[in-house]
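Taken from Swiss-Prot, the feature ATP binding site applies to 29, 30, 31, 32, 33, 34, 35, 36, 236, 263, supported by sequence analysis. The annotation active site is assigned in Swiss-Prot to 58 on the grounds of sequence analysis. According to Swiss-Prot, the feature Zn(2+) binding site maps to 275, 278, an assignment based on sequence analysis.
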């Protein structure tokens with residue numbers, strides 16, 4: 001391949017300008033600055049899209065720290081923005097842990113059926129968290145955000161999250177097949193509990209609705225016009241190794257990936273004037289940047305700087321987010 005190939009634009013401008021995108025996942029190894037990158041991307045998207053939602057699926061929930069604002073399981077407007085919202089979900093949570101807001105607008109029978117459904121779901125391992133995820137996706141789709149950015153947990157959890165629509169499809173299909181067998185018993189069970197309005201058909205309808213939404217999401221996740229994944233790494237061996245594993249797994253899952261962010265880079269203007277540790281780190285980073293250039297010549301590779309101060313608060317993120325659009329250039333130090 002390649003000596004004649006023009007390197008691709010080293011920014012995320014290609015994503016921000018792709019109007020058809022509905023779902024953008026941002027992920028990588030722990031400690032590489034995923035949350036700063038996903039929050040910055042969401043801020044840039046908010047400039048050109050009608051409404052943007054950033055969802056943290058990392059149990060550490062760093063987006064509250066990044067924006068210096070407490071977020072919950074329900075979309076909340078980010079301070080300083082009119083069209084940027086954030087929420088935090090636990091991908092391992094069960095259906096009963098979802099807040100009641102998720103069931104607003106449902107009739108009383110369906111709200112009560114949440115508990116009955118939980119009893120049925122307990123019989124199928126792994127379906128509980130899948131159903132919780134299904135409810136979240138239903139809520140998100142129902143709110144019609146222009147684009148949703150996922151700030152994901154470290155790599156292993158991320159791959160599970162992306163595979164979840166398929167797990168849910170299988171699980172809900174199983175539940176619906178069980179329906180005919182359990183319907184008489186279920187009707188008897190709910191009438192004993194005094195829930196006359198709840199019946200097997202009500203639950204079945206709820207499951208059918210969920211299955212339809214999840215099937216739709218599953219199709220969208222595999223459509224590169226609607227879904228893409230941004231890998232975040234640092235210029236070190238283990239991070240690069242993890243990134244390559246992630247790219248291969250995503251390709252296997254049929255998820256589009258063509259953007260890599262290399263974060264926390266030293267931009268030395270004169271390595272001779274730098275301390276020995278900085279000069280040494282700079283050399284190591286240059287070595288891995290060369291490897292990244294060889295491995296990912298058909299990717300957009302965005303390089304972000306290691307800063308003296310942490311990126312925290314909406315204004316700080318707004319300022320840092322410009323580096324996603326325009327390649328970072330260090331400011332020249334004034335001569336003494």
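Cβ from N, Cα, C; glycine included.
Sequence features, as recorded in Swiss-Prot, placed on the structure.
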| residue | record | Cβ within 10 Å |
| --- | --- | --- |
| 29 | ATP binding site | 21 |
| 31 | ATP binding site | 11 |
| 33 | ATP binding site | 20 |
| 35 | ATP binding site | 25 |
| 58 | active site | 25 |
| 236 | ATP binding site | 17 |
| 275 | Zn(2+) binding site | 8 |
| 278 | Zn(2+) binding site | 14 |
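Here residue 275 (Zn(2+) binding site) is positioned 24 angstrom away from residue 31 (ATP binding site), judged by their C-alpha atoms. Annotation note: residue 278 (Zn(2+) binding site) sits in a helical segment as assigned by DSSP.
For the pair residue 236 (ATP binding site) and residue 275 (Zn(2+) binding site), the Cα-Cα distance reads 20 Å.
For residue 275 (Zn(2+) binding site) paired with residue 29 (ATP binding site), the C-alpha to C-alpha distance reads 28 Å.
Secondary structure at residue 58 (active site), taken from DSSP and collapsed to helix, strand or coil, is coil.
Here the CA atom of residue 58 (active site) lies 9 Å from the CA atom of residue 35 (ATP binding site). If you take the Cα of residue 278 (Zn(2+) binding site) and the Cα of residue 29 (ATP binding site), they are about 23 angstrom apart, rounded to a whole number. On a Cα basis, residue 58 (active site) lies 12 Å away from residue 29 (ATP binding site). Counting only the Cα atoms, the space from residue 33 (ATP binding site) to the residue listed as 'active site' is about 13 angstrom.
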